[in-house]
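Student: The transmembrane segment annotation in TrEMBL covers B:6-24, B:44-67, B:73-95, B:116-133, B:153-170, B:182-200, B:306-326, B:360-392, B:404-424, B:430-451, B:458-484, B:496-514 (among others).
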Amino acid sequence: MADDKTPTRTRVVLGEVAARGRPADRTRTDLAEQTPVGEALVKGLMRAQLALALRLALVVVTGLGALPLLFVAAPGVAEFKVFGVHLPWLLLGVLSFPFLLAVGWAYVRWAERNEQDFVAVIRRPER
Amino acid sequence: MNPYVVPGLVVVVLVTVGIGVYGLRFARTTSDFLVASRSVSPAWNAAAISGEYLSAASFLGVAGLVLRYGVDVLWYPVGFAAGYLALLLFVAAPLRRSGAFTLPDFCEVRLGSPMLRRLASVFVVFIGCLYLVPQLQGAGLTFTTVTGGSYVWGALLVGVVVTANVALGGMRAITFVQAFQYWLKLTALAVPAIFLILQWQSDGRPQVTPTVFPAATTVVMEQDATVNGVEVQKGQTLTFEEGERVPDVSTVDSRFDADWLLPGGDGTLWATYSLILATFLGTMGLPHVLVRFYTNPDGASARRTTLVVLGLVGLFYLLPTLYGVLGRIYTPQLLMTGRTDAVVLLLPEAALGGGHLGRLLAALVTAGALAAFLSTSSGLLTSVAGVVFTDVLRAGRGGSVRDFRLATVLAAVVPVLLSLYVSNMDVSRVVGLAFAVAASSFCPLLVLGIWWRRLTDVGAIAGILIGGGASMAAVLITVLGPPLHGWLAEFIGEPAAWTVPLAFLVMVTGSLLTGRRVPSDVGATMLRLHAPESLRVS
């Protein structure tokens, strides 16, 4: 463990002490020391990220995953032609890739926003 | 033989080595290799990941499957790409933040169990070997198609070359080399595709169905079979007129007309969903995919890199389908010999004729195929050998380069032997099996490990043993066992639809039953996995 090592000698300057003691750092310490407050914050972030991922996964499951069932349930759909190409070929061979990319793009955007919100909470001055 | 092929292959090897040497000037120490991409943008990093990922199965196999089975197998390329979306949604950023370099490392970080680590190593080696088999198959096939030599020699030759290369450290996982391989593979399919479409236009847009011979064709039978109800012996030649329908050969499994053109067919729903589950969830468990994520500087850039990979891989997968469809028009004789995986290699000359253009494009495609199996198999062999080296030979405490070479040879022997045995299986089918094992062992481990605090080492071990073990057994029966029939064949041949839920179920139940074994530092681990790096306190 790092705790029981003798701490190395450091030079203490007044400015550093002042900087360390800023109230904004209390939440940061909560995080680092796993206090109930810190743990609740991390759980909140995890829940937000997981909910986002699950929601977008659901979009893909309904958008792509329902296709085999659809083709079996309504064979007429599969015989529909767009520009002389049968719909299943167009959907699977071409359109599925931009669709996946769009879902991925939305995820990256929103996941980064969740993280920014989290960082903003930690860094928020308490007074 | 095509006179442009050998110079093309030589150029690919020379440029690869050249870029490698150039890259070495920037990376002098081991840590340089790992963090070199800190100075590299997500776009380069993503091209490198895609370059390593797009294997012989993608380059040759997907087009072959489309040629043979039609619309139902389009789920292969969709799934290969969608796997990166699942990776992005559930794994990418937290995995990078965990600092784990391999899957066994992740087990150590999250659950701290040496037993789980050993089990994970076994699965990494198994999946890696299984995934290497189709690469060598692709190599053997390319060798046969281009030079007319025997399949066995081709697979052996490439197996030995790749092993020697990795063992001697000749081809390291340098970002620039892998990125170059991606663009080479994309060009090698895209440029001929443009000419093929133009040719198809000028031929008056021939229809895909019904499948007819584009010109008078002579086919040499490779097996005893029944063709149109007539017994035909091996070696017998059959001659067909221009416009004559391609007959159904009893020994070659393929689909015609509406079965090929329209989805569904006879009870393929189970197989389709099994394939979707395996490919969507299996990508995150492949040993050579994970290693590359460590080269991202932080979690957020790991996410962006994955997004770019999704785009690059999706762009690439637009092309094999086109080759499969055009192959139906220009190379239908492959449906009779069963060598459908060769369609990408044969199509340029078949459609554009044996002139300079056709031969040049054929050489380009062959060079792309070489890049495909060189990059993927080198990456795979490196990661498998790394795991054998650290976790099996236990040489970590002062392991020498000699031990690493021994590990490489050990890791290469089994797949090379297997590739000789399964030469008649579709390249992409074998890859699908590797995905199924990854999806039913590492996917639950990663997803639950990252998002569920109550996962315990006992639960994880039970889940991997039962879910992963079941899929492993199913794969071994499929590859080595006797042919099965009826529902059992589907159940064993496409195992993911039952092994993935089983693995999740066992892992969750096992963890809930052993709730006291939740690691005490789980809060700190979760903080490390999910909080942005800018908040790191240390």
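Cβ coordinates are placed from backbone N, Cα and C, and glycine is handled just like the others.
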Student: Is the transmembrane segment (B:44-67) packed against any residues at least 6 beyond its ends, judged by a Cβ distance under 8 Å, and which are they?
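Tutor: Long-range Cβ neighbours of the transmembrane segment (B:44-67): 37, 73-74, 76-77, 80, 131, 134-135, 137-139, 141-142, 173, 175-183, 185, 189, 288-289, 292-293, 295-296, 305-309, 311-313, 316-317, 320-321, 323-325, 327-328, 331, 334-335, 340-345, 368-369, 372-373, 375-377, 379, 426-431.
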Student: Select the range from B:116-133, B:306-326, B:430-451, B:458-484 that forms the most Cβ-Cβ pairs under 8 Å with the transmembrane segment (B:182-200).
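Tutor: Between the stretches B:116-133, B:306-326, B:430-451, B:458-484, B:306-326 has the largest tally.
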Student: Can you tell me which recorded stretch out of B:153-170, B:306-326, B:404-424 has the most Cβ pairs within less than 8 Å of the transmembrane segment (B:116-133)?
Tutor: B:404-424
Student: State the non-local partners of the transmembrane segment (B:458-484) in its own chain: residues 6+ outside its ends, Cβ under 8 Å from one of its Cβ atoms.
Tutor: 107, 111, 113, 115-116, 119-120, 123, 126, 130, 418, 421-422, 425, 430, 433-434, 436-437, 439-442, 444-445, 448-449, 491-493, 495-496, 498-500, 502-504, 506-514, 517
Student: Within the same chain, where does the transmembrane segment (B:430-451) have neighbours whose Cβ lies under 8 angstroms from its own Cβ atoms, ignoring anything closer than 6 residues to its ends? I mean 6 or more beyond.
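Tutor: Tertiary neighbours of the transmembrane segment (B:430-451) are 55, 57, 61, 76, 79, 83, 90-91, 94-95, 103, 106-107, 110-111, 120, 123, 126-127, 130-131, 133-134, 137, 274-275, 277-286, 422, 460, 463-464, 467-468, 470-472, 474-475, 478-479, 494-496, 499-500, 502-504, 507-508, 511, 529.
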Student: Determine which residues of the chain contact the transmembrane segment (B:153-170) at the Cβ level, with the cut-off under 8 Å and only residues 6 or more beyond its ends counted.
Tutor: 17, 136-137, 139-144, 147, 373-374, 377-378, 381-382, 385, 404-405, 408-409, 412, 415-416, 419-420, 423
